[in-house]
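Taken verbatim from Swiss-Prot:
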- 96-103: region 'Important for ligand-binding' (REGION)
- 174-221: region 'C-terminal hydrophobic region' (REGION)
- ASP123: site 'Important for ligand binding' (SITE)
- GLU169: site 'Important for ligand binding' (SITE)
- 1-4: topological domain 'Lumenal' (TOPO_DOM)
- 28-221: topological domain 'Cytoplasmic' (TOPO_DOM)
- 5-27: transmembrane segment (TRANSMEM)
Amino acid sequence: MALWLGLRAVLVVAGLAVLLQLIRGWLSSKSYVFNREEIARLAKEHSGLDYEVAFSKIIVELRKKHPGHILQDEDLQWVFVNAGGWMGSMCLLHASLTEYVLLFGTAVDTGGHSGRYWAEISDTILSGTFRQWKEGTTKSEIFYPGDTIVHEVGEATSVQWSSGTWMVEYGRGFIPSTLAFALADTIFSTQDFLTLFYTVKVYSKALLLEASTHLSQLGFF
């Protein structure tokens with residue numbers, strides 16, 4: 001029995017290792033809709049404007065450049081995010097299994113743990129300030145409107161945003177791996193299950209939009 005249990009454990013570990021390698025290969029070889037430089041450049045062009053005006057202009061530009069990949073106005077929704085001890089709000093514009101684009105910010109001073117992801121995440125500031133303290137260092141750095149902060153795969157930092165900080169965020173990697181951190185505080189701390197529902201609903205809508213666009217490009221519609 002012990003031998004059989006040990007063999008099963010080895011097979012499970014080996015299976016997971018193979019699965020991880022397959023995902024890594026897929027992520028490195030697939031094509032992407034967006035890129036970090038494009039999103040950062042677009043956000044920087046509108047930094048310094050009133051953030052609501054900037055958001056509207058950015059959404060219009062993204063829809064022009066990437067038709068079929070940005071949620072329609074009726075599906076856009078600002079949703080609270082509680083994670084790592086901080087609280088903010090996001091408006092998801094695009095999401096798939098490997099990418100997302102969203103608007104993010106906070107109306108109050110907040111800070112906490114960044115999370116550690118199997119994804120690269122970049123934020124370009126439109127207004128306010130973003131303080132980051134990187135793991136292994138003894139000093140923090142403050143970023144201002146127009147600056148882009150890149151959170152590398154596997155990196156962990158302390159983050160702090162002043163009230164009125166708003167930004168455009170782009171993530172690339174295995175996006176489902178980020179959901180555990182993004183939803184943990186909601187499930188185990190705030191128990192705000194309505195926010196959990198909103199989050200799952202908008203992500204599902206984005207996935208359905210991507211699936212529909214992809215099938216249309218293949219000629220199914």
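Backbone N, Cα and C atoms are what each Cβ position is placed from, and that goes for glycine too.
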Tertiary neighbours of GLU169 (site 'Important for ligand binding') (same chain, Cβ under 8 Å, six or more apart): MET90, TYR100, VAL101, LEU102, LEU103, PHE104, ILE121, SER122, ASP123
Helix, strand and coil totals (DSSP H, G, I; E, B; other) for the region 'Important for ligand-binding' (96-103): 0 helix, 5 strand, 3 coil
Where ASP123 (site 'Important for ligand binding') falls in three-state DSSP terms: strand
Cβ neighbour count (within 10 Å, all chains shown) around ASP123 (site 'Important for ligand binding'): 27
